[in-house]
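Just below is one structure, and these are the notes that go with it.
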Amino acid sequence: MKFFQNKRKIRGYKEFLYIFPLLILITIFAYYPLYGWVYAFFDYKPPVPLSMDLFVGLKWFQSLIANDVKRQQIFMVIRNTFAMSGLTILTSWLPMIFAVFLNEIKCMRYRKVVQTVTTIPNFISWVLVYSIAYNLFNSTGMVNHILTNAGFISNPILFLQGANHIWLKMWLWLTWKNLGWAAIMYIAAISGIDEELYEASKVDGATRMQTIYHITIPSLLPTYFVLLMLSVASFLSNGMEQYYVFQNAFNKDSIQVLDLYVFNLAMGSGSYSVSTALSMLKSLISLVLLCVCNKISKLVRGENFL
Amino acid sequence: MEISKRKIHKKQSFKDWLISAITYVVFAIFAFICIYPFYYIFINTISSNKLSEKGAINFWPQQIHFQNYMDALKIPGLANAAMISIERTVIGTLFTVIATAFLGYMFTRDSLWHRKLWYRYVVITMYFNAGIIPWYLTMRNLHLTNNFWGYILPGIVSPFYIILTKTFVESIPIELQQAAEIDGAGTLRVFTSIILPVIKPIMATVAIFTAVGQWNAFQDTLLLMTDEKLYSLQFILYQYINQASSLKTLINSTSNGASVAQSLATVQTATSIRMTVTIIVVAPILLIYPIFQRYFVKGMMIGAVKG
């Protein structure tokens, strides 16, 4: 018996050796960058290597709110981040409604086509989205041509350059790209609802809206809740790609979200240390948010999503 | 009594019909908005550039020609960028799929030393990261900037796909593995002869997701690469959009010899070249999408079960 146990143990070590190289990989690319946080405490100017002489303590953290200009900038960035994430969260029920009403379409072929077509934008990059936006909405793009030819306007509207309604525009592009795809999760959930519930409601003479309101939507709420918690947890992480491609000199003040600001700070002006400090704060706050959301999920639904 | 009931029923069915009609129309509009931009850009690339410049091409292509695509081949850097994009997609997908399948399987093996610990060690990285700048500085320290492997290595171990694969492997009857082990197969042998053939569907899903991700990746080029030889198609396209004016001179200088024979309708403009490159970059996605749609959906649903 002991012999077999040992054999199993040895096998376990051997198996560990097999996956060891891959664990090294994830250590390098996901854990080792955490060491990069030390740059937040040094006056780091590449290519000069780090040394204790350059240690500045919390200087960069303080510098984030040191003077009015800085404070204003940080406030602006936070405001943009909250606006963009806020809009997304406020409309997070859209994919659910999309799925519910798609389910109401009885013609399977029509449903399939709609589902296929509306998920396509999810699979193109933000660069391509921007390219499409540019081709359609620039001063000589399709929309301006149509409006001019119809005589509505005499001068082209600069859709992409101005800072007007930029939050709304960003939300619209995001929705265009994501809505169909996000709905798939709910479509899957709908197909899991017990068919008997629908039959019972039919017998009771429920109307269509009543069925949706009393059966479909309540069955989807748990899924919705988990996804909502996840999006709350990533409140600060809008990603930078979308905002990077759409940003220009005119809309910069209203488009810079936290992720983009961190990037611009480092790659644009070479302030690696300050941006690392900001990045670090963001990661820590996000971690706390994630734990809080997980806790809420546990309280409400009795299970973790982590 | 009987009549009033019928009335109600009629009223309800009218309401139901109305809801149906609105649903059909709204979805039609949304589907149109999703697909039309691609169509619009495509018909403009194959229509007379002169008409396109005027904004006359909105629904049907006119005076069809393919000169734009012929000329696009001559744009300096584009062919090279296409090669980079293809290489990173193929190599990156290969590595990721193999690593994912292997890890997904290994994390189901109870005998693995500290299995749970290592599984968590990998999965946790999905929720937490150091941030983009520390990551960039790390990549620079590792000499992965201006290095093709900077595209490949960071994505090889990706926790989300590992979860998908692990869930899938767990659904395979354990007796299959046990039988093979009794016959004397080792861990690796079980993986190659028993597991791999069975998990093909999930590997296909992971492959498609990874390939699309690699093809679409833009941020890593932006961060890591300053060497033009390593620019991807996405990056080149972004540059073209932002340098509309300089594009025209670029084109005119490249197609100088041929331009004598060209009619005015096929002469390149900044717009035509931008649209053509857009179509070239998006084409692979649009072409594979209908074929692989079921894999996308399947992958998403396995993920949903987990979530």
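Glycine too: its Cβ is placed from the backbone N, Cα and C atoms.
Going by TrEMBL, these are the annotated features:
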DOMAIN    A:78-293  domain 'ABC transmembrane type-1'
TRANSMEM  A:16-42  transmembrane segment
TRANSMEM  A:82-102  transmembrane segment
TRANSMEM  A:114-137  transmembrane segment
TRANSMEM  A:170-190  transmembrane segment
TRANSMEM  A:211-236  transmembrane segment
TRANSMEM  A:272-292  transmembrane segment
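The transmembrane segment (A:170-190) and the transmembrane segment (A:82-102) are in contact, since at least 3 Cβ pairs between them lie under 8 Å (pairs 6 or more apart in sequence). Sequence-distant contacts of the transmembrane segment (A:114-137) (same chain, at least 6 residues past either end, Cβ-Cβ under 8 Å): 102, 105, 143-144, 159-160, 173, 176-181, 183-184, 187, 241-242, 244-246. Sequence-distant contacts of the transmembrane segment (A:82-102), counting only residues of its own chain at least 6 positions beyond either end whose CB sits under 8 Å from a CB of the stretch, comprise 111, 114-115, 167-168, 170-171, 174-175, 178-180, 182-187, 189-190, 212, 216-217, 220, 223-224, 227-228, 231-232, 235-236, 238, 243, 257.
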